[in-house]
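Per TrEMBL, the feature domain 'NADH:ubiquinone oxidoreductase chain 4 N-terminal' maps to C:73-128. Per TrEMBL, domain 'NADH:quinone oxidoreductase/Mrp antiporter transmembrane' is recorded for C:133-449. Per TrEMBL, the feature transmembrane segment maps to C:6-25, C:37-54, C:85-104, C:138-157, C:169-190, C:239-257, C:269-289, C:309-327, C:334-353, C:396-418, C:438-462, C:483-502 (among others).
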Amino acid sequence: MVPITYYLLLAAALFCMGMFGVLVRTNALVVFMCVELMLNAVNLTFLAFARMHGNSVGHVSAFFVIAVAAAEAAIGLAIVIAVFRSRGSVNVDDIRTMKH
Amino acid sequence: MNIELVLFGVFAVMTLLSAGLVITARSPINSAMALVSTFFFLAGIYVLLWAHTVAVIQVLVYAGAIMVLFLFVIMLLNLGDAPHRGKPTVTRLLGGASAVGLLAVLGVTLGRMDAQPARLDAQAQAAFGTMAAIGQSIFTTWLLPFEAVSLLLLVAMVGAVVVAKSRI
Amino acid sequence: MSFFDTHLLNVVIYLPLVFAALVLMLPSTEHGQVRTITFVGMLLDLVFGVWAYFRFEPSGAEFQMEFRVPWFQQFGMSYHLGVDGLAVSLLLLTVFLGPLVVLASTTYIQHRIKEFHLALLVLQTTMLGALASMDVLIFYIFFEAMLIPMYLMVGVWGAEDRRMAAVKFFLYTLVGSLLMLVAIVAVYFISGGPGVRSFDYGTLYNNLLAANQQLAACANGPEGACANLLPLAATLHTYGPWMFAAFALAFAIKVPMWPVHTWLPDAHVQAPVAGSMILAGVMLKMGTYGFWRFAIPLFPVAAHAARPFLAVLAVIGIVYGALMCLAQRDIKKLIAYSSVSHLGYCMLGLLAVTGEGATGSAYQMLNHGISTGALFLLFGFLYERRHTRLMSDYGGIAKVMPVFTAAFVIITFSSVAVPGTNGFIGEFLVLMGTFKSTLPLGFGAFATLGVILGAAYMLWMVQKVFFGSITHRENQHLRDMNLREMLTTAPFIVLVAVMGLMPQPFLDRIAPSTDRYVARASVGAPGATQAKDDQLRVEVMSLPSTAAAARPSVPAAPLAVRE
Amino acid sequence: MDGSLVEFFRTAPIPPEVFSPSLGLIILLPLLGAFVCGVFGKWLGRANVHLVACSAIAGAFVLSLLAFWATSDAAGGRVVSMVNPFGLERDTIRYAIAHDYGTWFAAGDFRVNFGLLVDHLSGILLLIITGVGFLIHLYSTSYMEHDDGYWRFFAYLNLFVAAMLTLVMADNLVLLFVGWEGVGMASYLLIGFWYTDSAKAWAGRKAFVTNRIGDFAFLIATFLLILTVGAFNRQADARDYNAAGSSRARYEQGISQRGPVTFKGLEKMALALPEGTGGAVSLATPIESGPLAGYTFGGVMTAALLLFLLGAAGKSAQLPLYVWLPDAMAGPTPVSALIHAATMVTAGVYLFCRMSSLLVLSPTAMATIAIVGALTSLLAALIAFAQDDIKKVLAYSTVSQLGIMFMGVGMGVFWAAAMHLMTHAFFKACLFLGAGSVMHGNGDETDIKKLGGLWKEMKWTHATFLISTLAITGIFPFMSGFFSKDAIFHGVHHNHLHGLEWVSTFVYVMGLLITASTAFYMSRVYLLTFTGKRSKEAKLAHAHESAWHMTLPLVILAFLAFVTFVYALPLMPRTGGGMQPVFENFLSPVLRPAEAVARAAETVHLDTSTPAVGDYFFAWLVALSGGAAAAFAYLKFFPSRVGQPVPAFARAVRRTAVNKFYVDELYEFIIIRPVKFTAFILFRVVDALVIDTVLVRGTAYVTEKVGLGLRRLQTGDAQAYAAIMALAILGGAVYALLQVLS
């Protein structure tokens, strides 16, 4: 029997790595992938708790999260393409037009 | 020292490794590939958590659909290696630090808790995490959110087309 | 129990709104019809207003012609109208100005005529509503709503830099009244527990009364008195001054007292004649009325503490305003500053907290409405002819406009309080009240200086504008007042004489509320002979029981949980 | 004379009780006239306006005559009398009729009534105002015949008369103040009558504002009296009320019904205040409660009276406020005659006679009044020496004469002051009208240097002017002026203010000086104007005598100026032996309380001796010397010196005098300029700069700048925002953790 704590620790680590990537990487695509990482960390937490309580609502949540992730990826990537069209770069440093 | 723990250890280590690769790889392609592997190992961990269905969906949707989408985009934009790793600005340092700090905090917190999986009787165990059980609750209890999500996906699809189109 | 026994005030208040609806239906090209309809509406309103004034029984209950129905009961509100002596007098003043304002604008306003008259009618309703509302929140709503039409009037139909003036006027007044809103809500919550508390003036006052009395005993009494205060009294002890400050600031800006008066000259200078008349005639009185009705009675102790300070401001206002007038070149500005001086008298009379002072102050409010309103009206006529406000552009026009000059001089005498005109009564009573009050004699003496300066600047202005030989060719062929203008001016002159020679009918209606005001204000004063509760307590009609049964007045959760 | 005639004169044609309710008509008639002339005058036309105006005044005169008659009614030995509302029932006011038209306004525990009172004092003034007023209206019909503003003129004139009558008949201070300001307003309108000449309009404004300074003091004094009455009511005890012939109940009833500032009520308080009464309240008693707490009754009384003095100085053109009167000559001459000589300017004297009983409570105040009067009188006389404008000379002589009246009032010779008021009204009106006639006949020439030799051409004017001059100077005795003035100086000489004995001597000496100088400058005016030969610079070669409208009033006034000396003769028996002047006896009902107070309070010693022949002779000599000096100077000295250079010091002196000792300039520099400057500075610095710019716009400015500053945070760097979010999360987590751990 693996203690749920391990899973949670794993999820935490995963989440923080994702976060790290989001905050540090400059390539918009990579940032997106890191976001996916974070989402997965959350999923993992859901499932861990589901297992912990022997209750499958966590699975449903995970399912929804995946669906939302799909939508998010679609839109996000579309935006990336649009941005790339207009600026020829996907570097977040170059995309800061929404300032004062 | 049972097999389950070993499997968990292997999967966990591999997950973390490939995740690390995701955030460190210079070229987006590598990151993407690393991410795929991360997903696979995670799917494994899901299985250890008796979440077969989700594991399957994970492989299908994520590794299958989403990542393919990513790869398409990357190739479409044919981005080579990032010429430079983003110069370490204050915000980046802060962000990284806070991520690490958060990890530490979470680590401490989780380290203090001892959570064990629920003990289930055989019949419940048999039903747990099966497609049937999940489908059951999705289509009864969570029907409305489910429909909402389907709508969301539709909207996302249309939106993606509209946003990404050069001209129709 | 006829319709008018219960609904007279409603009629007076909403009649202009009804006519506004009529005007709204007219095509905006039909100027004549728009004007006529508005005028008729105002006239009708005047009739009802006068009726209400005469229905008011000086010896009767404090608030009369009350009308109250449940409204938002879960917030402790109710739609509650009623007038006391002061309110009904100011109400009379308002309806009196109504038609004259319309007449005054017939040629002055040349564009967006329909909108202008709509604004006038709406403004009338809001002012009347503010005067007659017995529910603090409804008062506040009307009090704020007043700003909008006036803002438009200054900003759309004003003179050259009207926008600046309009914005200044709006923000200036808004600052104060928003603070007041906070204070209103606060006092509502401290005034009692769930179910008891209410926005109704009567309930609010009666709830605070006991605490105020105890607090007064504590503030002025021996050391021991402050022990074991009621919880409410304790709250008032801590927060009362702040709430009073919020109310006082709101009304002080409206009055306007020195040093928050600087919006007035700009607003007056830029406003069209109608705007100036209403602004001077009625809106400024909202400030003094607020002090009289809300700020001072609700927080007598804090008011008593702040009294010397406010009185000093009032005296400064009197002398300072007068001095300002001596430094003006712009006639409208001069009149505006003279308002600052006159309103200083009103405030001083209020703060004297003597029967004479308060009566004089109330009477001075009416006087100022008439004399200054008339001054703005008359100057409006002049401005229509010459389109300049500088004294130096006039001079010697008495030769070409004798009737106009006569009217203007008469009003001037009323404004400098020559005995026999209405101004004298008010000023005399205010000054005597100040001398009789517990304020040091110096206040009265300095305030009396205004008598000298008043004559100095008004006659100086008259001199510059009317006397001497004609210095500008443009002035040589000014035509004298026409019939319409005479008809507009006549009521003012008649009133000046009537109110100067037979003030008693007016004073009789003011007197009862004066006594009550003095009693309530002197709750906070140490030596003052404490009046009996039955004179202090505000007796108002309670909600119709049927409605009360229909909906239990226990507030709903969001407010109840706050305690 | 035989009894039936006496009986006739002692029986009023209309019994007092019947007449008194219609006292108000005396005021209403001129008011109505003013209204009609003012509103419809233009359409009525000249003749009708004259008719309306004159008949209004004539009617008022007739009514005044009836009222006056009623006040002396003693039909069947029963003297007319009324119950004093402030005294006990048995305490009655004799020789007076009154009527109360009810409340004017009442607030708190204060009230003012439309209460009219006519006693011998106000009766005399009624006759003067309406009588002289009528004559001057008549005169004006001819004098203003070429002016288009005639209807305004008569409206104003009627308005003035109405106000003046109100002033005189008022039975309380506030109503008196109505008249007080009313006459000021009317005089403002009349001085500025020819408003197209802005100098004249300025003169009007100057008069009004100067008067306002007085009114300011008057108001404060009134308030002080109100407070004093209140304090008196709180503190007085039965003995005080007894001494005043009243009782608490009656007194308070009187106050609640008639108001606190009724003259009769004040009189009662004055009677109760002296130490002699042995009551709880005396002049030295400190006031216990109220705003005046700590001050003594005597002190407050003195302060109030000094303030009244300032008020009276404003109205009656005394130091320091006399400056407006000379400029007031800008108005039409009849106005100068009526307002600025006969009636309005004497209001101050009337006020003090009215309040004589209060006045005698404060020697300080009395001394101040007397000295102010003396100084004013002398100063005005000196200025009059050098004036060449005939109206200016008369104006300054008016100021001087008023000063004499003030001396009389100040030293407690009220009857003489009142009498001088009357005689002065006659001869000074006559002089002014004469001057007007001269101007009328000489193309509005006012410079006496450019007149001369008129005695042939304007016989009537000359004769009447001569009589009046003699009357005012007293060069020829048996003229009203001589006697009234001498009565004042005699009283001044023999009355004593306790603690201030030196004053009487001082004032007396001043008085002699003034007599001499009056004689000098008046003779000068007369000689230069009427005698000698016609000056070269005269506008018209030959002056023409004025129409009968103008000469008739002159004759009547001259006649009155002559005969009224009879009143000064000691013909009436004094109560308690001896004889007393008719006028003193006549006013005694009014002044008795004052005497009583003076006796009880021992503040003033009122002498009742009558001048001996020697005194008269001395006074005559003094006057004569002045006249002789003038005659010598202007008939011999200067004519012989024509063309010779005048010594420098003489020129300097003359220049100073001509420029009225630069008093106007002084005021300009120490008062008017500073006030205007302060106003300007306040407006520019405090109002425009500090409040409006710094505070108001400053707030807006700061808000805007802060907003601009905060905008900088919006870098648009998504990662930065995310980093901040992350930090926040971290912070939250740490906090939660610490909470858990501790």
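Positions of Cβ are set from backbone N, Cα and C atoms, glycine also.
TrEMBL does not curate its annotations; it predicts them automatically.
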Surrounding residues of the transmembrane segment (C:85-104) on its own chain - C-beta under 8 Å, 6+ positions past either end: 12, 16, 35, 38-39, 42-43, 45-46, 48-50, 52-53, 56, 58, 64, 117, 120, 124, 127-128, 131-132, 273-274, 277-278, 281-282, 285, 289, 292-293, 362, 365-366, 369-370, 373, 377, 380, 484, 487-488, 491-492, 495, 506, 509-514, 517
Among C:138-157, C:169-190, C:396-418, C:438-462, C:483-502, stretch most in contact with the transmembrane segment (C:309-327) (C-beta, under 8 angstroms): C:438-462
Composition by DSSP (helix, strand, coil) of residues within the domain 'NADH:ubiquinone oxidoreductase chain 4 N-terminal' (C:73-128): 39 helix, 6 strand, 11 coil
Remote residues contacting the transmembrane segment (C:169-190) - C-beta distance under 8 A, at least 6 residues beyond either end: 76, 136-137, 140, 143-144, 147, 150-151, 154, 197-199, 204, 208, 232, 235-236, 239, 242-244, 246-247, 249-254, 260, 262-263, 266-267, 298, 562
The transmembrane segment (C:438-462) and the transmembrane segment (C:396-418) contact flag, 3+ Cβ pairs under 8 angstroms: yes
Contact set, same chain, for the transmembrane segment (C:334-353): CB under 8 Å, 6 or more residues outside the stretch: 255-258, 261, 264-265, 267-269, 276, 280, 284, 287-288, 291-292, 296, 307, 310-311, 313-322, 324-325, 328, 359-362, 364-365, 367-368, 372, 375-376, 379, 391, 415, 426-427, 429-431, 433-434, 436-439, 443, 447, 450, 453-454, 457-458, 461, 518, 521-522, 525, 528
Mean of the pLDDT scores, which run from 0 to 100, over the domain 'NADH:ubiquinone oxidoreductase chain 4 N-terminal' (C:73-128): 89
Sequence-remote partners of the transmembrane segment (C:37-54) [C-beta within less than 8 Å, at least six residues beyond its ends]: 4, 8-9, 11-12, 15-16, 18-20, 22-23, 26, 65, 83, 88-89, 91-92, 94-96, 98-99, 101-103, 117, 120-121, 124, 128, 509
